[in-house]
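Scroll down for the structure; my scribbles are underneath it.
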Amino acid sequence: SSGMRKSPDVSPRRLSDISPQLRQLKYLVVDEAIKEDLKSSRSVEDINSASIEERILRITGYYGYQPWSTSYKREERSRENVVGTADAQSAGAAGTEGSSSRRRPHCCIRVTAVQVRKALWGIAMVMCVCSSWAGSTQLAKLTFRKFDAPFTLTWFATTWNGLFFPLYYIGHLCKSPERQTPKQRFRECCRFFGDDGLTPKVFFTKVAPFGLLWILTNYLYLQALRKINTTDVSALFCCNKAFVFLLSWIVLRDRFMGVRIVAAILAIAGIVMMTYADGFHSHSVIGITLVVASASMSALYKVLFKMVLGSAKFGEAALFLSIVGSANFVFLSFVPVILYFTHVEYISSPADIPWAYLCGVAGLLFAFNILLNFGIAITYPTLISLGIVLSVPVNAMVDFYTCEINFNTVRLIAVCIICLGFLMLLLPEDWDQCIIQLITKLRKREEPVESNGEACAATGLNWRSRGRTSMTTFAH
């Protein structure tokens, strides 16, 4: 027993040197007083079921072996789970690989199922965004043949935005476990504007300017439709993505990306080539200028919104758009009346107003804004943006069959360049790293697979190195 109290520096090097103590420890019993101390480290049942060698190491502190240490418990449990005992080294490694291989397929299948479901929702979202945007553009073009009133159509379509918050509140009642009254939900969403909520000062400084930008964006877009065909308008409006990047880089100090600078250059080159396609005629130049101005207003709206108000949740975005639509109805209703009496946007009889076309354009634009603002809840934002650029070939097919466009080589190249620049702007910030990782993975798959014997040897080497590292750590 005196030998067992020696310091670790003079501890026995072999278990055969302390064989008398081995026979005594066969009948080791843990006292009740010690049980309370052991509860903080390891259970009494674990001590009683331990081997004789393990009992010796725990009692004597052999080579710094301290089971009551918290770091030991974490390391010991991890070692026991990973490597097992020395006698069953190969079996333990094989069992670990087998259990991990059994768990990996389940995890991969679950993640893949989520991604597949989100991708399927994204495909449906792309089709809906493309249909609503292309449909509103084509229907607005048809509306101007019977009712040439772009501002009245803009005012009428913007007024529908007042339905955003009521529709959001219906969804809130269906989904949220804590149902709030409309007044409570309204007050909670008003915190987006500040601690004081929606005050007159906040309205005229933070809401009214964005309402004007919204009106200008839609009005200039509809005015451009009166001058040029829908294919050119939809293609040129895709340049707003490049303008957003340039303004964010200048105003918001966003990260510089060479690929997005190239995309912006392609967008500008496409605008110039689109102007050249019609020979710089006055009507085409005016139409192109109008749609480029509309894209600029859209980019300015997005950048200023991010700089002044930041990012908004679904309820806050719905409330903001509803306020814009309501303010448009209250403060701008006199403008269509003035335009009517001044014969700027005149129609002989109210019965001649094509209400079906007006409601169709307004409904499609309303659906497009719903998908654009709330579609990220069920799919990826990139897929939603992809629906906008896909509206260009859809409009081109419609214009081709209605014989409203001359597809010369310059126009085709210009459209393709603008669409390519739009797609380049959809690349994530770490796209280059993703490509490098993908190439690395493909190279690893092409390498020859190791034999079973080499794999087992490598597994045993990893086990031994981990064991030495752990023991060295505990020794110090």
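Every residue gets a Cβ built from N, Cα and C, even glycine.
TrEMBL annotations:
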type	residues	note
COMPBIAS	90-99	compositional bias 'Low complexity'
DOMAIN	120-275	domain 'EamA'
REGION	79-103	region 'Disordered'
TRANSMEM	119-140	transmembrane segment
TRANSMEM	152-170	transmembrane segment
TRANSMEM	203-221	transmembrane segment
TRANSMEM	233-252	transmembrane segment
TRANSMEM	259-277	transmembrane segment
TRANSMEM	283-305	transmembrane segment
TRANSMEM	317-341	transmembrane segment
TRANSMEM	353-371	transmembrane segment
TRANSMEM	378-398	transmembrane segment
TRANSMEM	410-427	transmembrane segment
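Counting same-chain residues at least six beyond the ends of the transmembrane segment (353-371), those with a Cβ under 8 angstroms from any Cβ of the stretch are 125, 128-129, 132-133, 135-136, 139-140, 142-143, 146-147, 153, 156-157, 159-161, 163-164, 167, 218, 321, 347, 384, 387. Sequence-distant contacts of the transmembrane segment (119-140) (same chain, six or more residues past either end, CB-CB distance under 8 Å): 153, 222, 225, 230, 233-234, 357, 360-361, 364-365, 367-368, 371-372, 375, 378-380, 383-384, 386-388, 390-391, 394-395, 398. Residues of the same chain lying 6 or more positions beyond the ends of the transmembrane segment (259-277) and with a Cβ under 8 Å from any Cβ of it are 232, 235-236, 238-239, 241-243, 245-246, 284-285, 288, 292, 408, 410-411, 413-415, 417-418, 420-422, 424-425, 427, 431. For the domain 'EamA' (120-275), the model's average pLDDT works out to 89. At the 8 Å Cβ cutoff, the transmembrane segment (233-252) and the transmembrane segment (378-398) share at least 3 close pairs (sequence separation 6 or more) and count as touching. Outside the transmembrane segment (378-398) by six or more residues, the chain places 118-119, 121-123, 125-131, 133-134, 137-138, 230-231, 233-235, 238, 241, 371-372, 405, 407, 415, 418-419, 422-423, 426 with a CB less than 8 A from a CB of the stretch. Tertiary proximity for the transmembrane segment (283-305) is limited to same-chain residues at least six positions away from its ends with a CB under 8 Å from its CB atoms, namely 209-210, 213-214, 216-218, 220-221, 223-224, 226-228, 232-233, 236-241, 243-244, 246-248, 251-252, 271, 274-275. Long-range contacts of the transmembrane segment (203-221) within the same chain, counting only residues at least 6 positions beyond its ends with a Cβ under 8 Å from a Cβ of the stretch, are 150-151, 154-155, 157-158, 193, 233, 237, 290-291, 293-294, 297-298, 300-301, 304-305, 308-309, 320, 323-324, 327-328, 332, 365.
Counting only same-chain residues 6+ beyond the ends of the transmembrane segment (410-427), those with a CB under 8 A from a CB of the stretch are 231-232, 235-236, 238-239, 241-242, 245, 259-260, 262-267, 269-271, 273-274, 276-277, 382, 385-386, 388-389, 392, 396.
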